[in-house]
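A short worksheet on the structure shown next.
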């Protein structure tokens, strides 16, 4: 079936354009100099003006075009009239040229759940670690993450004034993932990427048990999955209940579309039904290759402490 006739591919094409708009908003807020930082639950759980504007932009833009969608965003925002300049009604034509995987061709709008993290890596954003920041739009069907869009607003930001700033990665299960160059960590090298600002003894114990050659501590779940698919890390290990469904939905799709695997620490697949609890209470374990090597090294003490 031609993609422009399928709900899923039209939604992905629209979400791509919406994510690009979101990246522009993220950059604009920094350029204007007033981040409007608010503490949500603690000093490491922050919200900025960019989080608020981007969520309004994504949710309102998609809801106008696809009114029967269920859209779940990270930020708890009051309902208010959205400024017209935040609305993006375009769609990425290149995506509509791709075939829709046959198993998804008959999906109806009301069958889909969209998980939105308007600014993944907010703490790093406030600290100027801009390459950690992503915008995440994940699409789920029957509880499974099937399509995802990741915008990196500051991709290339250290490459000089002539570099093109920002990029958008997208993927659909059964079709593939696009917008980046797939690369693997050299064989036999164990590079672990883990949390920068939400560490604890469980996280440290689990990382140590992997017997890593190198440990990278960075912000953002989207950023960590990009490290896996670009050969900068072998495994993303987060043995703690800090991550939410909007953090993992889009990145999981990109990873799965290129043959990787993302689960909780016990090896359970994550569920993305609209009524599912938002917290990934049993942590995250993700790899591009050699998942079993890392899964087999998760200590029992860590598993016992993290209840799915």
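Along the chain as shown, the residues are counted starting at 1.
Even glycines carry a Cβ here, placed using N, Cα and C.
Whatever TrEMBL says is automated annotation, not expert-curated.
For 74, 117, 119, 120, 247, the entry in TrEMBL reads Mg(2+) binding site.
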Are there any residues at least 6 positions away along the chain from residue 74 (Mg(2+) binding site) with a Cβ closer than 8 Å to its Cβ? List them or say none.
51, 55, 116, 117, 118, 244, 246
Site with most surrounding Cβ atoms, counting all protein chains shown within 10 Å, from the binding-site residues 117, 120, 247:
117
Cβ-Cβ distance under 8 Å to residue 119 (Mg(2+) binding site), same chain, at least six residues away:
26, 48, 50, 51, 54, 125, 133, 135
Taking 8 Å from the centroid of the Cβ atoms of 74, 117, 119, 120, 247 as the cut-off, which other residues in that chain fall inside it around the Mg(2+) site?
51, 116, 118, 121, 122, 134, 135, 136, 220, 221, 222, 244, 246
